[in-house]
Amino acid sequence: MGLFTVVFTAIAALSAVDAAELLRSPNSKDIVPNSYLVVMKDSVSSADLDSHVSWVTDLHSESITKPGVKNLDGFKHSYKINGWHAYSGSFDSETLASILDNDQVDFVEHDRYVYIDGLVTQKDAPSWGLGRVSHRMNGTRDYVYDETAGSGITFYGVDTGIDIRHPDFGGRAVWGTNVVSGTGDNDRHGHGTHTAATATGTKYGLAKKANVVAVKALNDHGAGLWSNIMKALEWCVDDARKKNALGKAVLNLSISGGKVVAANQAITNAANAGIFVSVAAGNDNQDATNKSPASAENVCCAAASTIRDEKASISNYGSVVKLYAPGQGITSATPNNSTGVMTGTSMAAPHVGGVGATLMASKHIAPSAVCAELIKMATGAVRNPGANTTNKLLYNGSGQ
């Protein structure tokens, strides 16, 4: 009897050790109750994921007869990004426990809210970012750039949508997809149009000949869920593959939230598929190490600089920041044939994305090598960049 007890205890302990971990968030205010991101182990195939999802769906069907469970949706969406597999859903505690015990699951994380990183300040003010990134020395508004101007590069603006009819896009913008239920295929906020035009606009942008694809993943108030951002990333990779644009694509994420490992992995795998990913450092005036997407691997994270080549007061900083780029008082296009001025690392990121697109077009550099090349080209100009942070300011290599 004693031997049986010892063996049974050992098996139970082994099961507990093998169970997947539910990653805890240091900040609970942005967590979506009962909603989870489930990341599968590397050995899990696409077919394995489909079978696993069927199993989870059956579990949920059994659970919805229990009190308090009927309002949970169960499985929502599966993610297949460059060989990386995950899914999202809302589950009761018993179903979650079964998922954690499944040997195909790597870890589980709460779905969380994420927000834009731009602040509207005023309308119709002159811009300065274009001139700054095309000159080593400060003080000029002339924008000097390679004539290829991002030609042949596809820019994915994952944001609040894009006003694709705005004249600043010159007919180069198309609607891609909308993953936010209950919203229209438009940009009622303005943030998405502003960031896309900063990167690609004919007047306000850097890569003036790039193709533009609108991907709506944030609602009309500038907020969203990481589960939807991941869905948008999956769509972008699939769309780029269909268009033979992998290796010739840029994706911008001007958003920020608490660190979410599942989201970081999705972003990294999108980058690894052959897309240059520019991201915002965040607007909390703190170290961006614990922020997503800033902390994701293989992305080019931008902090915001001022017209005086100083760190913008709200900009995050830290070792994950690869470059500073103009981010304070940036004029760009906004919906309904308008313009506006916004401030934040949301504006810095598309500067990096736009220069990255021009570099890919003119020098035929692979997306995976773009950020390192931008760092190599950059000007050491930013004063008081923050602790453990580069002082490198984005430069497009114009020779000026």
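Backbone N, Cα and C atoms are what each Cβ position is placed from, and that goes for glycine too.
What you see is a predicted model, and the numbers here were worked out from it, not measured in a lab.
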Query raised in the report: Swiss-Prot tags one of ASN290, ASN337 as N-linked glycosylation site; which one?
Result: ASN337
Query raised in the report: How big is the gap, in Å, between the Cα of HIS191 (active site, charge relay system) and that of ASN336 (N-linked glycosylation site), rounded to a whole number?
Result: 13
Query raised in the report: How big is the gap, in Å, between the Cα of ASP159 (active site, charge relay system) and that of ASN337 (N-linked glycosylation site), rounded to a whole number?
Result: 18
Query raised in the report: In terms of DSSP three-state secondary structure, what is the assignment for HIS191 (active site, charge relay system)?
Result: helix
**Report entry** Using Cα positions only, nearest of the recorded positions to ASN388 (N-linked glycosylation site) (ASN138, ASN252, ASN336, ASN337, SER346)
**Finding:** SER346
Report summary line: The number of other Cβ atoms within 10 Å of the Cβ of ASN396 (N-linked glycosylation site), counted over all protein chains shown, is 26
Query raised in the report: Counting only residues 6+ apart in the same chain, whose Cβ is under 8 Å from the Cβ of ASN252 (N-linked glycosylation site)?
Result: PHE155, TYR156, GLY157, VAL158, ASP159, THR195, ALA196, ALA199, VAL277, SER278, VAL279, ALA349, PRO350, GLY353
Requested in this report: Check the Cα-Cα distances from ASN396 (N-linked glycosylation site) to the recorded positions ASN138, ASN336, ASN337, SER346 and tell me which is shortest.
Outcome: ASN138
